[in-house]
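Trainee: Features from TrEMBL:
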- 88-110: transmembrane segment (TRANSMEM)
- 122-142: transmembrane segment (TRANSMEM)
- 154-175: transmembrane segment (TRANSMEM)
- 182-202: transmembrane segment (TRANSMEM)
- 208-227: transmembrane segment (TRANSMEM)
- 239-259: transmembrane segment (TRANSMEM)
- 279-297: transmembrane segment (TRANSMEM)
Amino acid sequence: MSLWSRRAFESPARPRLTNMASAATLPRCTSVRLPAVAAVVLLLMSGTTVRASQGDKEPVYRDCVKQCVRTNCTGARLRGFQSAQPQYMALTASALASLLNGLACLLMLLRYRGTVPRQSPMYHTINSFSLVSLNAWFWSTVFHTRDTYLTEKMDYFCATAVILYSIYLCCVRTLGLRRPGVSSMVGVLLILAFTSHVSYLTFVSFDYGYNMAANATIGMVNLLWWLCWCWQNRRTLPYWWKCVLVVLLLHGLALLELLDFPPMLWVLDAHAVWHLSTVPVHFLFYSFLIDDSLYLLNTEKMGVKVE
């Protein structure tokens, strides 16, 4: 036994004992040493069974960052991803916002049905558009409540369906009432485009960057089409400004989706703020649809050419 280990068991205030005294006290020394050694061994053994997070060295985290950089997340978006707060409350806020959008859409659809007669030329097309929108908000609520492979796909696909149907709605209003064949052909093309879009994301690659670019392109076509029609009819339709304000608000507020910042108070991230901001737009949009449907009904009764 070394000098340092022997001194560890000696009291500094007690003088050194003789050999006989040491022999007499040997059992006492052993009774102290064995529990201490056993405690150290148990501590080391328990330490080998403890597992902790590797933080930013975690392979899953590092692979996620690499994929983010390689696909659709660089610069400020990457920094936002790395510094993001826990997303649980943010997802709850997004689910609540989606639910509010769905309720607003349903409320205004019921108001539309109660105000506009079925004989209005746009009645059935607007009802179909409302059902497509309600379906999209339903899946958005489900997805933000429970994120799974199926709910994510349904959320993305149904959102694209709303944008495409909005183009069809615009086509029927601007061209289809006078040329039904044109709106029918456009409808077939939109169905083919939607089928191709869903097939690519499902069977080839679920590319978030491609999905965003495709929806932005479709939305821009929708925006320009509505704006051109409103500008042409600004002198004959006193409610034209409602349509202009709706399309500008929808596409302007969609820019919030491009932002990436930590959730405010751990609740409101960019996505949740975007969904919440679109709730009042439903009331203005259906106000325009009601005014326009009643205008079309009156002009049809009077035999006036539809613009």
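Quick reminder: no glycine exception, Cβ is built from N, Cα and C everywhere.
Caution: TrEMBL annotation is automatic and unverified by curators.
Since we're looking at a predicted model, the values are computed, not measured.
Could you place these features in context, so I can see how deep they sit and what lies close by?
Mentor: For the transmembrane segment (279-297), the list of distant contacts is 97, 100-101, 104-105, 108-109, 111-112, 115-117, 119-123, 126, 173, 177, 237, 239, 242-243, 245-246, 249-250, 253, 306: same-chain residues at least six beyond its ends, Cβ to Cβ under 8 Å.
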Trainee: Applying the under-8 angstroms CB criterion, which one of 122-142, 182-202, 208-227 scores highest with the transmembrane segment (154-175)?
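Mentor: Ranked by Cβ pairs under 8 Å, first place goes to 122-142.
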Trainee: For the transmembrane segment (122-142), find every same-chain residue at least 6 residues outside the stretch whose CB is under 8 Å from a CB in it, and list them.
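Mentor: Answer is 94-95, 98-99, 101-102, 105-106, 108-109, 112-113, 116, 151, 154-155, 158-159, 161-162, 165-166, 168-169, 172-173, 177, 275, 289, 292-293, 296.
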